[in-house]
Ligand code: HSE
């Protein structure tokens, strides 16, 4: 993206002084089986962030997930996203105080890095308004520049089910509402999985028939999620990514096979190692949880989560 020419309307340091915003960003599950790097679903579990422009320095406080683990300096992903957004408008990041309250598990395929990026971009949006308005396409483009692919950041920004695609002009998205019968269940293991490792296991090309297989299942999946949940088992089949990554997460692979054999539409959530079950009603979720409790060799946390339909929000907060 080229630097926007917003000098005429950019807020001054005096405008920014004391501005304070509160941001809320949902967890996400990407791919959803066949929709590699394309489909994503926002889930009702949230990272929250408060950002205030202060006189000098950078103070970061982290509560919940990541406390004692994530860096507390310029390299903090939220700070990088704020700086990236300010730089896009030709502005330097102002001195800040951040408080992050995180509930999205890290390294589990639930979009925590996408959520951090979106949180930073939405915080910058809130701080820069009203002088600068950022369009939905610009928000997605800024987020995709940092994340590398749009399938997690699109649902984190806009909520619901999102189809994301990349054009020469930048990434674009279509948001869809999900059928009210769809009851997502996320199963989270104790161990993490690196997205970079998962992506390194992808082949550079795939057989044409596998590509056709995924085209049909992805198209069907959109219909199943918005209109026909009874088709979710057939619609969540995939030949583009899960088989190549299975060796790096054997228990995830084994449990997904067991869940699918029992009729549950289970897929790897994002790059893994969590499992997403797109159940059709709450009782199906209970059956899937029971199956995993009986078959798993390590500890798995079951999170029955609603679909988030709002996406990321930002609101101005009055200074104390
Ligand atoms: N589509 C991405 C992948 C999601 O599977 O690699 C994780 O960022």
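Using N, Cα and C of the backbone, Cβ positions are placed for all residues, glycine too.
TrEMBL entries are annotated by machine, without manual review.
Quick look at what TrEMBL lists:
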| type | residues | note |
| --- | --- | --- |
| BINDING | 105, 106, 107, 108, 109, 110, 111, 112, 113, 114, 115 | ATP binding site |
| DOMAIN | 77-160 | domain 'GHMP kinase N-terminal' |
| DOMAIN | 238-290 | domain 'GHMP kinase C-terminal' |
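Look at residue 113 (ATP binding site): DSSP puts it in a helix. In the structure shown, the C-beta of 109 has more C-beta neighbours within 10 angstroms than that of any other entry among the binding-site residues 105, 107, 109. Cβ neighbour density within 10 Å is lowest for 113 among the binding-site residues 111, 113, 115. Under the three-state DSSP scheme, residue 105 (ATP binding site) falls in the coil class. With helix defined as DSSP H, G or I and strand as E or B, the domain 'GHMP kinase N-terminal' (77-160) counts 47 helix, 7 strand, 30 coil. For the domain 'GHMP kinase N-terminal' (77-160), the model's pLDDT averages out at 97.
The Cβ centroid of 105, 106, 107, 108, 109, 110, 111, 112, 113, 114, 115 marks the ATP site; residues of that chain outside this set whose Cβ lies within 8 Å of it are 27, 104, 270, given in sequence order.
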